[in-house]
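What TrEMBL says about this one:
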ACT_SITE  HIS321  active site, tele-AMP-histidine intermediate
BINDING   GLN105, HIS295, MET296, GLN297, ASP298, GLN299  ATP binding site
DOMAIN    14-339  domain 'RNA 3'-terminal phosphate cyclase'
DOMAIN    185-286  domain 'RNA 3'-terminal phosphate cyclase insert'
Amino acid sequence: MDAKGFVEIDGSFLEGGGQALRNALSLSCILGKPVRVVKIRANRPKPGLSHQHLHGVNLLRDICNADVVGNSLLSTELEFSPRAILGNTYRVETHTAASITLIYQMALPVLLFAGRPSRLFVSGGTNVAFAPQVEYMQQVLLPNLKPFGASFDLKVQQYGFYPRGKGSCQLDVQPVAKLDAGQFLDFGHLQSVSGVAFTAGRLPMSIAIDMQRTAQREIHRHWPNEKCSIQAVKHSPEKAHDNGAGILMTAITSGGCVLGAASLGEKRVDGNVLGSETSGQLAQYLRKEICVDEHMQDQLIIYMALAVGLSRMRTGPLTKHTRTAIHVAEQLTGVKFDVAVESGGHTIVTCEGLGQRNEML
Ligand SMILES: Nc1ncnc2c1ncn2[C@@H]1O[C@H](COP(=O)(O)OP(=O)(O)OP(=O)(O)O)[C@@H](O)[C@H]1O
């Protein structure tokens with residue numbers, strides 16, 4: 001902590017993207033600790049706050065009635081001094097394709113420690129690159145938060161894609177008194193694979209069907225006896241204004257693990273390629289029998305750090321995002337994460353959480 005009482009977080013460390021900022025500010029609100037984040041997104045081609053990050057910062061400012069210095073577009077340094085988390089209804093209109101799920105990623109842990117239920121409307125992109133697709137948040141993040149005793153309800157009012165955005169969602173969050181420790185160690189065996197392959201706008205339903213068939217065929221090739229059912233949909237014009245295509249596949253195992261893999265169509269969309277890439281990614285997780293997928297890893301770190309008791313996850317090699325999340329969580333909470341690499345490339349991440357209580361309830 002410096003002389004002015006700020007904990008300084010170096011945003012260029014490891015991944016050097018937006019995640020260090022999101023985790024630092026969420027923890028700042030929950031712990032009531034002022035933070036200064038410097039060198040924000042230093043490793044990105046256009047460093048500093050983008051629309052998504054700026055809207056997230058201003059949202060947390062409103063949720064915590066915080067004092068903020070440096071909250072402007074492309075700013076590379078920010079001081080954030082939170083007050084109590086009250087909980088309310090909030091609206092964020094990004095007017096861009098800023099990722100709605102990443103704004104939710106920042107606000108969700110904070111609202112779990114609010115004094116009353118909250119509702120959060122955000123407009124922007126629901127399915128955009130380098131961020132969880134909204135279906136991933138609903139079908140993979142939500143069940144992975146269950147062991148912590150945390151939950152939310154997420155409704156999509158309108159799907160939105162790059163470059164125009166125009167998506168909108170409603171997130172409802174019930175506060176918790178505390179987070180329980182999460183155990184993600186027992187893979188068991190594969191029980192079923194489900195998911196959704198979608199198109200929207202001018203992209204025809206046949207692309208969704210190609211994604212669906214290829215993805216199902218690949219899973220059945222390796223696991224002929226397990227159920228694999230991917231739904232193919234074309235969003236109506238009322239649900240999505242623009243062109244978009246993507247797929248999310250979710251695997252559930254007998255040990256209670258829920259793993260996801262997702263892909264998004266870019267300029268030229270080949271449904272067979274998207275279906276094959278996504279099922280290939282999921283099959284890799286399943287063959288390795290890991291309990292937490294590559295993207296869920298970093299998203300669970302903040303919950304493990306705050307929980308009461310020992311959380312453990314069995315995953316693949318740690319991503320830079322995860323190591324960044326661990327670094328930020330250790331700096332702000334004082335907890336220690338233990339990372340053990342096992343033969344076969346498994347990693348066991350263990351953390352005795354801070355045992356944070358919700359002072360507002
Ligand atoms: N395909 C995916 N499925 C699920 N989650 C994803 C996927 N791709 C990225 N994520 C998650 O989105 C987050 C991205 O963090 P990151 O810091 O890279 O993004 P960002 O804030 O948009 O910053 P930047 O623009 O600086 O990269 C991470 O939590 C990561 O796990």
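Cβ from N, Cα, C; glycine included.
If you compare every pair of Cα atoms in GLN105, HIS295, MET296, GLN297, ASP298, GLN299, the residues listed for ATP, the longest distance is 13 angstrom.
Broken down with DSSP, the domain 'RNA 3'-terminal phosphate cyclase insert' (185-286) shows 34 helix, 37 strand, 31 coil. Model confidence over the domain 'RNA 3'-terminal phosphate cyclase insert' (185-286) is summarised by a mean pLDDT of 96. According to its DSSP assignment, HIS295 (ATP binding site) is coil.
Same-chain residues with CB within 8 A of the center of the GLN105, HIS295, MET296, GLN297, ASP298, GLN299 CB atoms, the ATP site residues themselves not counted, are PRO132, LEU141, LEU300, ILE301, HIS321, THR322, ALA325. The Cβ neighbour count for GLN299 (ATP binding site), using a 10 Å radius over every protein chain in view, is 25. On the backbone, the CA of GLN105 (ATP binding site) and the CA of the residue listed as 'active site, tele-AMP-histidine intermediate' stand 14 Å apart.
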